[in-house]
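Record features (TrEMBL):
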type   : residues : note
COILED : 200-227  : coiled coil
DOMAIN : 169-231  : domain 'T-SNARE coiled-coil homology'
REGION : 1-21     : region 'Disordered'
REGION : 232-254  : region 'Disordered'
Amino acid sequence: MSHAGHRSQLPGAGSVREASGDCTMAPDPWFSTYDSTCQIAQEIAEKIQQRNQYERRGEKTPKLTVAIRALLQNLKEKIALLKDLLLRAVSTHQITQLEGDRRQNLLDDLVTRERLLLASFKSEGAEPDLIRSSLMREEAKRGVPNPWLFEEPEETRGLGFDELRQQQQKIIQEQDAGLDALSSIISRQKQMGQEIGNELDEQNEIIDDLANLVENTNEKLHTETRRVNLVDRKSTSCDSPSAAAVDSLELSKG
C-alpha cells in the first residue's frame, strides 16, 4: 500500500502556489526523494507479481530476478537517504517536531514495505498476503512483537491510491474541525475566566466599601449611645446641681 498520497496532507510538501498570489516555496528534497522511493517500491511489487505469474506457468525469470534485486538495493539506499535527510532537518530545526513525526511515520511505512517486498522476493511464488501472514505467525511463535508488521484494517482493504488519499484527507479534515472546536471552547472558557476575575475584583471593592460603611456606622452608633446615656443620667439627677454640671460637661465632650 503506497503512502505517496500523504504528501498533500503535510505542510511544506513540495512547491505550493497560493491561490491569491504568485508566491511559491522551493521544492522539499525530502518529499521529492520520498516520491521517487514510493515509485521504486511500486515497481518492485509489480515486477514480483509478474515474476510469480511467469514461474507459476513454469517459465524462467532470470532477467526479472536481476532487475528486482537491483531495485531492492536502490530502495534500500533511498530509504537510508530519507533517514539522513530527516535527521538533518530535525537536528537543524528546519522543520517542526510535529512535521518530523509525520515524516517519520511515512518513513516507517516505507521500511515496512521494504521488508515485505524483500520477503516476497525471497519467497518465490508466494503471494504478499500469504508472506505477511506467515511472518506474523512466526513472530507470534517466538513471542517477539514485530512493530513493522500489522494487519491492514478492513476499511482500507481493496482501496486504490486515490481512494486512500481521499480517506486520509477526510480524516485530517475531521481532526482539524475537532481541533478548531476545541480551540473555540478553550477561548470561551478563557474569556469566562477573565470576566469572573473582573467580577470578583468589583465584588471585593464593594465589600471594602461596606466594611468602611459599617465601621463608620458603628462609631456613630457608639457616639449616639453615649449621648442617650448622658441624657438619661441628667434626667434622673436633675435635682443635683453638681451632677447636672458633670453631665453637661461629658455631653459637650461627647
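Just so it is clear, glycine is given a Cβ too, placed from its N, Cα and C backbone atoms.
Quantities reported herein were computed from a predicted structural model and do not represent experimental measurements.
Counting residues per DSSP class in helix, strand and coil order gives 63 helix, 0 strand, 0 coil for the domain 'T-SNARE coiled-coil homology' (169-231). Mean model confidence of the coiled coil (200-227) amounts to 86 (pLDDT, 0 to 100 scale).
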